[in-house]
2 protein chains.
Amino acid sequence: MPQFLDSRDADFEPRFRALLEMKREDAPEVDDAVAAIIADVRRRGDAAVIELTERFDHLALTPETLAFSAGEIAQAIEKVPAIERAALERAAARIRAYHIRQRPEDAHWTDPEGASLGWRWTAVDAAGLYVPGGRASYPSSVLMNAIPAQVAGVKRLVMCAPTPEGVSNPLVLLAAHLSGIETVYRIGGAQAVAAMAYGTQTIAPVDKITGPGNAYVAAAKRRVFGKVGIDMIAGPSEILVIADRDNDPDWIALDLLSQAEHDESAQSILITDDAAFGRAVAAAVDKRLETLERRAIAGASWRDYGAVITVRDLSEAAGLSDRIAPEHLELCVADPVGLSEQITHAGAIFLGQWTPEAIGDYIGGPNHVLPTARSARFSSGLSVLDFMKRTTLARMTPTALKAIGPAAQTLAISESLEAHGLSVRARLDRLNRAEDREGEA
Amino acid sequence: MPQFLDSRDADFEPRFRALLEMKREDAPEVDDAVAAIIADVRRRGDAAVIELTERFDHLALTPETLAFSAGEIAQAIEKVPAIERAALERAAARIRAYHIRQRPEDAHWTDPEGASLGWRWTAVDAAGLYVPGGRASYPSSVLMNAIPAQVAGVKRLVMCAPTPEGVSNPLVLLAAHLSGIETVYRIGGAQAVAAMAYGTQTIAPVDKITGPGNAYVAAAKRRVFGKVGIDMIAGPSEILVIADRDNDPDWIALDLLSQAEHDESAQSILITDDAAFGRAVAAAVDKRLETLERRAIAGASWRDYGAVITVRDLSEAAGLSDRIAPEHLELCVADPVGLSEQITHAGAIFLGQWTPEAIGDYIGGPNHVLPTARSARFSSGLSVLDFMKRTTLARMTPTALKAIGPAAQTLAISESLEAHGLSVRARLDRLNRAEDREGEA
């Protein structure tokens, strides 16, 4: 049974805090094993990757077969049913249309002192996408990671997706094909992350690695961070639904379950201003759990981490939502836009009862890689900006340097950085001497 | 003596690679000590912070004196000479004017299917700035970290700056005052980072921690990452100067030394298309090193990590520059803008001989917190965006859901996520039933 809380209860505050601080993930300690794998890949390159793939994925590869050939990809893609292909193409087009609007603008201006200032955005040269094997091998995640990179203008985009026992997912390969991925390596785990970060004889290193993965992949990403850029380390998925009584309890139940079915550690929370509606949703969840395919997973998540919170009014719900800072926030209320304006911290907001969160997972357009574990307080979902970087530009004229150089020199002296000051001073002296000569002439 | 390389030499490529891969930092292993400090601060709060401050900074504090009082700050600020105050105010105004232009724009649109899409940027609620004590206690860094936060709209901005033996830097306190910092705690090290991340009885937790620090601070920032956001962990500073023969060798020498004087691990590299000019700059460096106040530090940096590289032409210089991906890049050539357009990876570019890098450290306007250790390949300097986050927005209408919902359902089924599909299906069924009824009527 999920927790039932009511903001009018005397013990609400400590119980709500406990809910916020609930530890949902018990990641195994794999850091030492991962460190050894990375060192091995750095030392032996392809040989290490091949040996580790044989050990973990029971798959024998050679340097020549590390990547799928163009023929293998074409053959796999042909197997995808037309309806799935059309759905994936539709999703890719919508995700692309959304992300194209995220392309940042360069800026150049001249300030009153005559200094030219600005900045310039450029894409990273190469990005690598990690795609898990098995249950969490989602074609939608390929689109969500690769399309922003493609839109950013990344020149070389590669993917690593393990194929345990040689089994691959044709839809994942199609998604890669649709989103501009050049090469797909059939490797996984920490060895794949190490190969993308440091390169091997066959695999050229990339500059940025993104994508979900298990504890080994997460630990490897943490370790190679600095050598390459990484996206955030995602925790278990979460949804918060704020719903008033004018909703179908079954719809809200399905929305809650669509997070819960991801993972036993996922968390689904309902906040409502109507206790009876909250109970009706909980009953609808139980009913759906009787038949849901993934009822074991969804049921465990709902039982261990689910919650139904009754509040006095929707303003109170907005305040609690900001304390939760949910990854996904659904606002099923009469004025969802108005309520959203009271809320600051959320990865993605789904407005109104016709916007189930699942739309955002696949086809809405916004990215589904979103900040978890309350990190929406300080971070954002994946975007085109994650595959770009900004170079600042400054150009002084002699006039500008005369105007602002002396202040720089003063600050350099105050920080005891003499050469900093002298580098400005030497130029100002030249300008002053030139003026003196002009004065004499 | 620095290294001298020439791109025409047979051994150039391996020597250039060795230069790229040179390890300049030997950070002590402090992670276990830092883990213990963080655990202690989490457990005992103020008491732990006070005890650790007494041990490391030889300073006895109470919960009441953890922060400077308004009177203490006013008194310290009064001691700042007028010329330094004016320089700092000038710098703050210029940095603010540059960063205001970085404020990102929200977006809202309706697509052809009738779906409303967009995103919204908001500031983090609270940010904490770390400022080192002793030699690296730079007022300019206070401005460079705090002003972007202030411009972003961060509501609560605090600072931790250790004051060993009780000695504080009035200019640092003035910089804090000028950039909207509310509270300055006189604590440092891993205990300060832990206090800002987790909070104590006296210190409210923040959402984002930025600012430079020693190995303990860096390790603490890595450990609290996820609980709060952090900026990047900066390595030793670097400058690359590309200069042709039409420069004063002494100016270029001073520019190289203005990085070298920061730290024995700093790196200064000159690339020129004229070997004789390269030798003249090296001679000018030696001459300046005879008298420079920080000649011990700057001399060690130049000797151990400095390099002078002669190339065939400036295009070749641009190519090498992108492989170095320097933190600071000075282009002292006839057409610096043209050359800059050949270059993709750099934290900050300083265009032309009248733009010494030191201008950027203090007063140019762009941020001086920049990516080091080749990370300009995938990351950017500090900006207003580091203190903001984006929430994506989506709102379907019944029409939009009918248009794109079926594709989402198809993809959900292909990923074996039944509840995802059902959450869409249930809504589509309702719409279809309504249509059927209309048809019958």
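Cβ coordinates come from backbone N, Cα and C, glycine included.
What TrEMBL lists as NAD(+) binding site is B:Y130, B:Q191, B:N214. Within the same chain, the residues at least 6 positions away from B:Y130 (NAD(+) binding site) whose Cβ sits under 8 Å from its Cβ are B:M159, B:C160, B:A161, B:G188, B:A192, B:V193, B:M196, B:I209, B:T210, B:G211, B:P212, B:G213, B:V217, B:K221, listed in sequence order.
Under DSSP, B:H328 (substrate binding site) is assigned to a strand (E or B) in the three-state scheme. With a 10 A radius on its CB, B:H328 (substrate binding site) counts 26 other CB atoms from all the protein chains. The substrate binding site annotation in TrEMBL covers B:S237, B:Q259, B:H262, B:H328, B:D361, B:E415, B:H420.
Per TrEMBL, Zn(2+) binding site is recorded for B:Q259, B:H262, B:D361, B:H420. All protein chains considered, the CB of B:D361 (substrate binding site) has 28 other CB atoms within 10 Å. In the three-state DSSP reading, B:D361 (substrate binding site) counts as helix.
Residues annotated as active site, proton acceptor in TrEMBL: B:E327 (among others). Long-range Cβ neighbours of B:E327 (active site, proton acceptor) (same chain, at least 6 residues apart, Cβ-Cβ under 8 Å): B:S237, B:E238, B:I239, B:A346, B:G347, B:A348, B:L370, B:P371, B:T372, B:A376.
Taken from TrEMBL, the feature active site, proton acceptor covers B:H328 (among others).
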May I ask for the distance between B:Q191 (NAD(+) binding site) and B:H328 (substrate binding site), taken between their Cα atoms and rounded to an integer number of Å?
32
Near chain A - the binding-site residues B:S237, B:H328, B:D361, B:E415, B:H420, filtered by Cβ distance under 8 Å:
B:D361, B:E415, B:H420
Would you mind reading off the Cα separation of B:H328 (substrate binding site) from B:N214 (NAD(+) binding site), to the nearest angstrom?
21
Quick one: give me the count of other CB atoms within 10 A of the CB of B:H262 (substrate binding site).
25
Give me the largest Cα to Cα distance among B:S237, B:Q259, B:H262, B:H328, B:D361, B:E415, B:H420, the residues the record lists as binding substrate, in Å as a whole number.
56
Given the binding-site residues B:Q191, B:S237, which one is most crowded in terms of C-beta atoms within 10 angstroms?
B:Q191
Cα of B:Q259 (substrate binding site) to Cα of B:N214 (NAD(+) binding site): how many Å, rounded?
18
Distance, B:N214 (NAD(+) binding site) to B:D361 (substrate binding site) (CA atoms, angstrom):
20
